[in-house]
Each structure stands twice: as structure tokens, then as C-alpha cells.
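Trainee: I have a structure here, written as C-alpha cells, and I will follow up with some questions on it.
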């Protein structure tokens, strides 16, 4: 049919940016020359490792269906996308391993070394945690006790209701049993020749 008429460029292959890779190669060559010449290469100063101040989002895409085509950007494809390292990880455990790993931390500009805490910092942290625990315990004790009392009351009510229902059921069974015996005696069916006495 119309093989050349009105078609757009449907080439989905990745195009390499030659200029960018040329610059990287030149940079690597200059570093190698400096090593050979005996000049020490300046080590990159990295920050000490610090904790995250945000929550890692693992559940926003959970249960959603996404249509993926060849033109879909990598960040929207299946799995967890790391925008710092520009990579996709397929499951949450590997994603957590990745964001806690060396490569990711290096791309963030941090080393894997942790700042050494001083004695004062440790004491302050203990005080803060102790205050939190005391506040939590006070709230927890009162709320928990009230909850337990309510549950005990509900159980006692349910137990009483069950006993009353059983009492009623037994009384009804006794009445129907006695009526059946009387009816059988009137009709002449009492006992059917058994020697066992009914009480």
C-alpha cells in the first residue's frame, strides 16, 4: 500500500549523544595522564551520610494498571524509578537496597561514612526519647484501659444474653416434650412396650 506516504519517523532506537560521550572520554584520558605523570588526583569531597527527611513512596502505584508502549519514558515504566541514578528497579526490596546502597549515595554526593556522635548528642537523644516514651505511655495506659473495660462489659453482656437464650430454649423444649407425652398417652401410644420409665 502506501509505504512511504505520510509516515512519521517510527525509529524507537536509542540515539547516542556523541558529544557527551566524547567529553567523558576526554575527561577520563586527562585523569589517566595525571595519574601517569605522578600528580595525585584530587579526591572528591563527599558529605557524611545522613538520614532521609522524607518517606520513601512505595505504595503510590500499588494496584494501578498502566499501559506501556515503546515510547513510554523510563520513569513511567513498570517498577520503581530512581530519578537520581536514572534507573528502574523491579521490586520494592531491591529498590530499598538501591537507595540505601553505595551507588545511590555517591550520586547524592554522600560517602558511606556516618558522623561520629559526641557524648552530649547521645545524652540529648536519650532525654528526647525518654520524654516521648513517657508521653506515649500516659496516653496509651488511659486509652488502653478504657478500651479493655469496654470490651469486658460487652463480653459480660453477650454472656448474659446467651445464658438467657439458652434458658428460654430449654424451657420451650421441656414444654414441647411434656405436650408430646400427654398427646401420646391420650392416643394410647405411651411407652410402646418398653420397661424404661420416663421421668
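Think of each number as a place in line: the chain as shown, counted from 1.
For all residues, glycine too, the Cβ spot is worked out from N, Cα and C.
According to Swiss-Prot:
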{"type": "COMPBIAS", "residues": "150-173", "note": "compositional bias 'Basic and acidic residues'"}
{"type": "CROSSLNK", "residues": "8", "note": "SUMO2 cross-link"}
{"type": "CROSSLNK", "residues": "36", "note": "SUMO2 cross-link"}
{"type": "CROSSLNK", "residues": "39", "note": "SUMO2 cross-link"}
{"type": "CROSSLNK", "residues": "45", "note": "SUMO2 cross-link"}
{"type": "CROSSLNK", "residues": "55", "note": "SUMO2 cross-link"}
{"type": "CROSSLNK", "residues": "61", "note": "SUMO2 cross-link"}
{"type": "CROSSLNK", "residues": "64", "note": "SUMO2 cross-link"}
{"type": "CROSSLNK", "residues": "70", "note": "SUMO2 cross-link"}
{"type": "CROSSLNK", "residues": "102", "note": "SUMO2 cross-link"}
{"type": "CROSSLNK", "residues": "123", "note": "SUMO2 cross-link"}
{"type": "MOD_RES", "residues": "2", "note": "N-acetylalanine"}
{"type": "REGION", "residues": "27-46", "note": "region 'Disordered'"}
{"type": "REGION", "residues": "150-175", "note": "region 'Disordered'"}
{"type": "ZN_FING", "residues": "80-104", "note": "zinc finger"}
Trainee: Using only C-alpha positions, which one of 55, 61, 64, 123 is spatially nearest residue 102 (SUMO2 cross-link)? These are the recorded sites in the record.
Mentor: 55
Trainee: How do the residues of the compositional bias 'Basic and acidic residues' (150-173) split into helix, strand and coil according to DSSP?
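Mentor: Helix, strand and coil residues of the compositional bias 'Basic and acidic residues' (150-173) number 24 helix, 0 strand, 0 coil.
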Trainee: Against which stretches of its own chain does the zinc finger (80-104) lie, if we need a Cβ under 8 Å and a gap of at least six residues from its ends?
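Mentor: Distal contacts: 56, 58, 74, 112.
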Trainee: From the recorded sites 55, 61, 64, 123, pick the residue whose C-alpha lies nearest to the C-alpha of residue 36 (SUMO2 cross-link).
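Mentor: Going through 55, 61, 64, 123 one by one, the Cα closest to that of residue 36 (SUMO2 cross-link) is 55.
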Trainee: Work out how many Å separate residue 55 (SUMO2 cross-link) and residue 45 (SUMO2 cross-link) at their Cα atoms, rounded off.
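Mentor: With the alpha carbons as reference points, the distance is 27 Å.
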Trainee: Could you find out if DSSP has residue 64 (SUMO2 cross-link) as helix, strand or coil?
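Mentor: DSSP assigns residue 64 (SUMO2 cross-link) to coil.
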Trainee: What counts of helix, strand and coil residues does DSSP assign across the zinc finger (80-104)?
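Mentor: Taking each residue of the zinc finger (80-104) in turn, the totals are 11 helix, 6 strand, 8 coil.
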Trainee: Quick check: of the recorded sites listed here (45, 61, 64, 70), which one has the Cα closest to that of residue 123 (SUMO2 cross-link)?
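Mentor: Nearest candidate: 45.
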Trainee: For each of the recorded sites (45, 64, 102), count the other CB atoms lying within 10 A of its CB, then report the residue with the highest count.
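Mentor: The residue with the most neighbouring Cβ atoms within 10 Å is 102.
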Trainee: Over all shown protein chains, what is the count of other CB atoms within 10 A of the CB belonging to residue 70 (SUMO2 cross-link)?
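Mentor: Its Cβ has 7 other Cβ atoms within 10 Å.
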Trainee: Run through the Cβ atoms and count how many others sit within 10 Å of the one on residue 61 (SUMO2 cross-link).
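Mentor: Taking all protein chains shown, residue 61 (SUMO2 cross-link) has 14 Cβ neighbours within 10 Å.
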Trainee: Taking the Cβ of residue 36 (SUMO2 cross-link) as the centre, count every other Cβ atom within 10 Å, in any protein chain shown.
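Mentor: Neighbour count, Cβ to Cβ under the 10 Å cut-off: 8.
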Trainee: Whole-number Å distance between the CA of residue 64 (SUMO2 cross-link) and the CA of residue 70 (SUMO2 cross-link)?
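Mentor: One finds 19 Å between the Cα atoms of these residues.
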